[in-house]
Amino acid sequence: MSNKIAILLAVLVAVVACAEAQANQRHRLVRPSPSFSPRPRYAVGQRIVGGFEIDVSDAPYQVSLQYNKRHNCGGSVLSSKWVLTAAHCTAGASPSSLTVRLGTSRHASGGTVVRVARVVQHPKYDSSSIDFDYSLLELEDELTFSDSVQPVGLPKQDETVKDGTMTTVSGWGNTQSAAESNAVLRAANVPTVNQKECNKAYSEFGGVTDRMLCAGYQQGGKDACQGDSGGPLVADGKLVGVVSWGYGCAQAGYPGVYSRVAVVRDWVRENSGV
């Protein structure tokens, strides 16, 4: 009898351990992810949910960052030679495998395709917390500006964004968490969220850091998603955030989390000259 009890206890412990491991895995999977990651380890990403189609001339700074010629993430034109995206979009990828397509409303056709010559990932990027989620891309060829290709404005170092500021996020990511990437560029208007409120919302996932900015509606419904990662969050013509991570997509009570651009303005200038 004692042997049977011991066996049952061992089985129970194994079942509990397995359940805890699965729960922990689910928590890891809420982090944002590219639509096609060169190093897929967890879900880390964002897509446009509850938004509307736009022409690229409405967001001429928008680029599609492509891994082996397939849409992977978004990005923003900073100058004729530099693009800003998320570090989790470039981690583990060689520059030779990356290109950007820009000047088109479709990520798979039109516009111009330019090779990436160099990736400058932020030295403090933390893949577990998605902190310092920034990468600069130096392009092989200089861009020619037009109505459909323009650099985005940048904030000053440590410039703040007031709570409730209306912002616009754009990209080709999913319109549903399990859907395919959008063929046509989309955007959504979302207000910024108080930092303490956002930190509380994500407390079970470790909270948010000072490098992070949150935007979205309490009731959900509008957000970025897988495939939008690395893309722009713009307010008054300035790039205030980079699509980074979140719990699901457009989930009530969980705003989208973006990498705050103002805190690395000097780093951008030092490494790109922009």
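The count begins at 1 with the first shown residue.
Each residue, glycine too, has its Cβ placed from N, Cα and C.
These figures come from a predicted structure and were not determined experimentally.
Classification of H88 (active site, charge relay system) by DSSP places it within a helix. Around the Cβ of H88 (active site, charge relay system), a 10 Å sphere holds 30 further Cβ atoms from the protein chains shown. Annotated active site, charge relay system per Swiss-Prot: H88 (among others), in sequence order.
The feature active site, charge relay system is assigned by Swiss-Prot to D133 (among others), with similarity to another entry given as support. All chains included, 32 other C-beta atoms sit within 10 angstroms of the C-beta of D133 (active site, charge relay system).
Annotation source Swiss-Prot lists active site, charge relay system at S229 (among others).
According to its DSSP assignment, C73 (disulfide bond) is in a strand. What Swiss-Prot records for C73-C89 (among others) is disulfide bond, and it gives sequence analysis as the kind of evidence.
Neighbour density for C214 (disulfide bond): within 10 A of its CB lie 25 other CB atoms from the protein chains shown. The disulfide bond annotation in Swiss-Prot covers C198-C214 (among others).
According to Swiss-Prot, the feature disulfide bond maps to C225-C249 (among others).
Per Swiss-Prot, domain 'Peptidase S1' is recorded for 48-273, and the stated evidence type is sequence analysis.
The annotation signal peptide is assigned in Swiss-Prot to 1-18 on the grounds of sequence analysis.
For D223, the entry in Swiss-Prot reads site 'Required for specificity'.
Most Cβ neighbours within 10 Å, among the disulfide-bonded residues C73, C89, C198: C73 holds that distinction in the structure as shown. Cβ-based neighbour count (10 Å, all protein chains) for S229 (active site, charge relay system) stands at 33. Each residue contributes its Cα atom, and for D133 (active site, charge relay system) and C73 (disulfide bond) these two points are 13 Å apart.
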